[in-house]
Amino acid sequence: MTTMTPPAPTRAPARVPLLRRLGTVLLAHPIVRTLGPFVPFLLIWWAVAATGSVNAAFFAGPGEVWQSFTELVRKGMMPSYLGDSLERLAYGVGFGLLIGLPLGFVVALSSWARRLTWPLLLFFQAIADIAWLPILIVWFGFSLTSVTFVIVYTVVFPLMLGIVAGVDQVPRELVNAARSLGAGRLRVFFEVIVPGSLPAVASGVRTGLGYGWRALIAAEIIVGTSGIGFMMFDARRAGEVSQVFLGMIVLGVLWYALDALILAPFERATVERWGLVRQMEAAR
Amino acid sequence: GCGGGATVEDPGAEGSAASLRAGYLSAIDQVGLPLALENGYFEDRGLNVDIADPFPTGVDALNALQAGEVDLVQVGTPLVPAAQKGDELVLVGNYTGSASQASIDDTMAVVATPDAGITADDLNSLRGKRVGVSVGSINHLYLLGLLEKAGLKTSDVTIVNTAPPDLGVALETDGIDAAIVWDPWPITITDQVDGAEEVMRGGGHIPFVGYQVTTREFLDEHPDEVAAYLAARAEVDKWIRENPDEAGEAATRWLPGTESAVAQEAMQHNVKQLDPRFSACNYLALDTVADLMAQGDAAEPDFDPAPYFDPAPILKVMEENPDLFEGLPEVPAPAQVEEGYTYDQAAADKACP
Amino acid sequence: MNTLEINNLRKEYVDHYTGETIPAIGEVTFSIGEGEFVSVLGPSGCGKTTVLNIVAGFIDHTAGDVLVHGKSVHGPGPDRGVVFQSHALFPWKTVLGNVTFGLRMKGVPRVERERAAADILELVGLSGFERKYPHELSGGMQQRLGLARVLVNEPEVMLMDEPFASIDAQTRRKLQQDLTEIFEKRRPTVFFVTHDIDEAVFLSDRVVVLSARPSTVAEIIDVDLPRPRTWRETVEDPRFREYTHHIEERLGGGEPDAQAG
Amino acid sequence: MNTLEINNLRKEYVDHYTGETIPAIGEVTFSIGEGEFVSVLGPSGCGKTTVLNIVAGFIDHTAGDVLVHGKSVHGPGPDRGVVFQSHALFPWKTVLGNVTFGLRMKGVPRVERERAAADILELVGLSGFERKYPHELSGGMQQRLGLARVLVNEPEVMLMDEPFASIDAQTRRKLQQDLTEIFEKRRPTVFFVTHDIDEAVFLSDRVVVLSARPSTVAEIIDVDLPRPRTWRETVEDPRFREYTHHIEERLGGGEPDAQAG
Amino acid sequence: MTTIDSPARTVGRVRRPGPRRGSEAVWFVVPFVLLVAIWWLVVEVTGTTARTFPQVTDVIAALAEMAASGDLARHLGASLQRMLIGAVLAVVTAIPFGIALGSSPRLSAFFSPLLRFSVALAGIAWIPIATLWLGYGDRAVIFIVWNAMFFALTYNTVLGVQQIPVQTVRAARSMGTRGPRIVWEVLLPGALPSIVTGLRIGLGYGWRGLVAAEIIATNAGLGYALFLAQSQFDTGVIIASMVIIGVLWLLMDRLLLAPLERRTVERWGMKAVS
Ligand SMILES: Nc1ncnc2c1ncn2[C@@H]1O[C@H](COP(=O)(O)OP(=O)(O)OP(=O)(O)O)[C@@H](O)[C@H]1O
Ligand SMILES: Nc1ncnc2c1ncn2[C@@H]1O[C@H](COP(=O)(O)OP(=O)(O)OP(=O)(O)O)[C@@H](O)[C@H]1O
Ligand SMILES: O=C([O-])O
Ligand SMILES: [Mg+2]
Ligand SMILES: [Mg+2]
């Protein structure tokens, strides 16, 4: 969330020494800010691998991982696996949002729907998507449908719970204000409920997508025939530990990009701009 | 990934009469299927075989068979509970096992570090150990066989459910004292884990089973295709038996990440079990395995194997192409089967050495 | 028929957790005729906002009747514009978005909306802030925005809860004057809650004085001052001071709320 | 040395999204001596709350110095008690929990805390509401609670942002009187923001009048009225009216904020 | 939810402690009764085989058998223990971490890229490394549970902290609240509505992670039971295990989260109550 970017400095720069100012400017550079935190981790990783303190059969260093990356790209496997994973994710997330968003608002807003579905919602969200797989496979086979189902299942619940919580937190007063300004139910919904619950909805989308991504990997491991999750599973079977590590990095990077390029700017432009969430003032 | 034919999303050209969809697992003893395709043996018989991407486990393969995604799969122990749950399975041949003897388990080994003190000479040394096996799979049964031989009870060891790829880590991190697993894992693990070695291999404690499994419906509708398929499989088995090193090398193309040295070493053990023929010994093997599974709570007791066997197609192949089975040990006469054979456990027991 | 009738209104708040009930409105009866401006005065916590919320249709009452245009109140509606004590601005809308909200709901075209908004923002002194969000405004500016948001709609009935409480004396004077002018021109029906006695007398046709909680009507004063009113002239009218003194005494009698239910 | 010194204070708000800057405080200089009561008056939106927030240490300033007890302000601290324009009560604490919060932070024992709280709640007329949560209080009651929460701490410096804005005239009178008594007894240093001229004059030793935004000090008026003060006596002092008229005229000159930065 | 409903009608339904509990319980059960009825009917009418989906009675029989054989108690005990440890670890790490990120721009600038990066890494993907570092056993499983909960809980805590009105924090600071006390007195209660949601979502994922991880390195637990049932094509036990997991979670929600919510955020008026 936006919330995670530091607020632009409001203090007069004139009072800060030049060197520190330079440091601040450097640190504020998006690339430094984004990649900086990974540097220590890369170093530790590299050091652990270099000392050979961990059995190399189960642990790959940055060099080997890079090698496997270039090799897989050269062979064309990486692009094709990536494409498969992304396609599945797109289907899963697409349907997940399509189902979860409207359903979430219906449950949040209609006391009947809430009564009838809330306990079921809680019940089913605990049942692991992957617990469904054995049965899904019998129904849908080793198909895109099974994988999509698992992702949808994972995306929908946090989304719905997030929406319900968000709607509950919309001040009643604002609904009243809109009603007395002539907004009908539908308008109240779009003009008040949606934006008012947006911080929680955005958080639900973020959590849902993040875990949907996880579900994809889990599903590919279990019903996999291609994709990044399958690549990791297959590499593990084959003892190619560097590909397992590579898989994790690819997953992380992709999700990071999705989050940083789409979700975060969206949140910055809405809930933060509106002052609904804000970065806390630094404790001084 | 590397499976040749159609993907699961594309069930292939089902319209053509001489076509068949087959599934296998990424295992050294199952590569006969892709190698037959590679060597053109299916094509030679006018059969168009689509190979599905490899399934992770036999359970998944049976689920795919049940869901109608494939027509024929290569499966071992999981077929017992599946059959008990009502799947209409038919066994038409072996991908691994033996038609000439009751027990064969050359592809199975126990791996441990010397600290564990487990030796082949004294099976009692298993007592109190934590043993990694995949519960319900053939390595689990091998452990049960060992325990029986040693006169130990199941409760005398701690069984740790471990997938084969995890056995190495489990040994390395002292999560288990010994790993029991099939090839090529014993070879891989001894390479990976310092000090780990094969402390035991084979020994004829159990019959290793692995069948060509199809559905009743498919067999009834496509008997010729099944026969052609079995003939091609028999041909590739023969080729592997005669060219184990070349086959080991070829296998690495289908088992990504497997080094050729490892594959070739594993293939040496594997060829001893490449016997596609059916005899009473194969009925007996499944019977024995089912009993062991029941003992290990991996299946219901009192499994009758006979209804699931249909020897007709393979018998036809054996009759028409005796050359494909050259070099295999003679099937003892009392163990030989023909169409209409009725299985009798006592008789089979006597017939198979 | 009166535009607004409040008959024997009673309200008890129930604490769901302790089961306790707090009588907020003891028994209140008064009415507001069409085009009448009525102010309600009373000690802090006596139930003024509660009455207003009931009339607005935001909360339910325990007993009695509340009729608007002869019909029982069921929920809020655009016939009654409300200025909230706590502003209740939409944080996700700019100043302009807040002001034009009601007009959008009515389907007024954009150009017209923005023209009307510009006029009203000028009136409340918020011109130039159109693109700001509420959290960027000062307290008084937020309050003026809440006022503008309702005025621009020209509702038949206006319910205003201390709309000038956080505004400085000068601006307040000006806005009171503006409100009077608007009122005298359009003649809406106004229910106006305040704690400023001068303001109540200056603006109103009648002033309802409530007692401390649980509130009852202590007195209803007819303000017989000529309209159109201007501050300059009205304060010079001797009756203005008479009214304010009278109300001051009336209110002085009641101590502020100091005992819970 | 003055307790509070504000020298050439300037503040611009920066809009992170548009990059625009809004000058809120043009240039403000004044100081408050130890034990002095200073009120700040000015048109709505001129920057009163902003100055108070800077002194409280909540926000940074753009230029100038703010010294409390001779030291630059860095963040908030218990030496400066703040009454917020928006109350800022803790919704998760009862009335009692809110009032005793500061004492708990200081480590005052429970019994003593509750005794002090009882006294102060009596003073602001909230006895009997100890177990209620803020959302169960009326607007004026919330404001009184915010006041009580600070008074009970007896801070050396009190920063009060329109603490009586939403309280009815009677209660307000009483609280102004009470605050005067407390002030005369303990002599804290008080920075008091209000828009009520009578209130400013009655309470203060000096009144700072700010111009419209971006604010500058228009005038500083010394209020030379004898202490102890009571409303009854003070309003009869002719200088009281002189002061209020003077300020009224001073303020009347400035139009309310009507132009954005 | 009554937000759109006219409050005039909703407020009339006064919640009094006694009878309300009773009707609440009824409303809690009704959806399940309906669901089970539909399940029974669909399986019956379509003639679905147990291999595809078991009938209600199959599942009840499976449950009864699991209970009778002692398997149920064994699996439940093992799973609950792992879940408890994993959940407690997640709560004591994610909430403080979320609060730290929510309240410190510096920390969040540093950690948010790492956090974003790791969200996508499924518990299962961690198994190779988790087992290597933590040993092949319970600790790896607990790690997976922790990992499954951690991110949902962290994100929601951050959100909760960032939604606390700035004036509220200022008020506490100006009354001398510092360091850990500000966390306890302001940030935690202020963020609580969102934290409860995070717990709801996170605990759900925790169960998920547990089930996924129990197929490694274990010989007891509901995930293991599922694994066995799956390898034996025992759909009755599969569904029974799922039902047990769902019921356990419901109990957890009813007995822990709902009362917590009622006593805090609802009581404090920080959430609309229907
Ligand atoms: N967070 C903010 N971001 C941008 N501008 C702000 C912000 N807070 C205040 N302002 C602007 O600064 C100016 C001064 O605001 P401030 O709240 O100090 O006024 P004030 O004198 O206290 O007014 P009032 O009497 O209405 O409370 C206003 O014009 C306002 O729009
Ligand atoms: N939601 C609520 N729950 C419980 N009690 C409430 C609630 N709202 C108000 N009350 C109580 O009802 C009484 C009247 O409140 P109300 O807000 O109507 O007063 P008011 O006259 O508007 O006061 P003020 O002038 O301070 O705004 C108060 O004593 C208050 O404590
Ligand atoms: O999401 C997990 O698979 O833990
Ligand atoms: Mg009120
Ligand atoms: Mg202000």
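A Cβ is built for glycine as well, from the same backbone N, Cα and C atoms used for every other residue.
Annotation source TrEMBL lists domain 'ABC transmembrane type-1' at E:76-256.
Look at TrEMBL and you will find E:25-43 (among others) tagged as transmembrane segment. Residues 53-56, 254 of the same chain, all 6+ positions outside the transmembrane segment (E:25-43), place their C-beta atoms under 8 angstroms from a C-beta of that stretch.
TrEMBL lists E:83-102 (among others) with the feature transmembrane segment. Below 8 angstroms of C-beta separation, residues 108, 111-112, 115, 141-146, 148-151, 153-162, 183, 187-188, 191, 195, 198-199, 202-203, 206-207, 209-210 of the same chain, each at least six residues beyond the ends of the transmembrane segment (E:83-102), sit close to that stretch.
Cβ atoms under 8 Å from those of the transmembrane segment (E:114-134) belong to residues 101, 140, 143-145, 147-148, 151, 154, 209, 212-213, 216-217 of the same chain, restricted to positions at least 6 beyond its ends. According to TrEMBL, the transmembrane segment annotation covers E:114-134 (among others).
Taken from TrEMBL, the feature transmembrane segment covers E:140-161 (among others).
Look at TrEMBL and you will find E:182-203 (among others) tagged as transmembrane segment.
Taken from TrEMBL, the feature transmembrane segment covers E:209-228 (among others).
Residues or ranges marked as transmembrane segment in TrEMBL: E:235-252 (among others).
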Closest-packing stretch to the transmembrane segment (E:182-203), where packing means Cβ pairs under 8 Å, from E:140-161, E:209-228, E:235-252: E:140-161
Which residues of the chain, 6 or more past the ends of the transmembrane segment (E:140-161), have a CB below 8 A from one of its CBs? 82-83, 85-87, 89-91, 93-95, 97-99, 101-103, 108, 115, 118-119, 121, 123-124, 126-127, 130-131, 134, 187, 190-195, 197-199, 201-203, 205-206, 208-210, 212-214, 216-218, 221
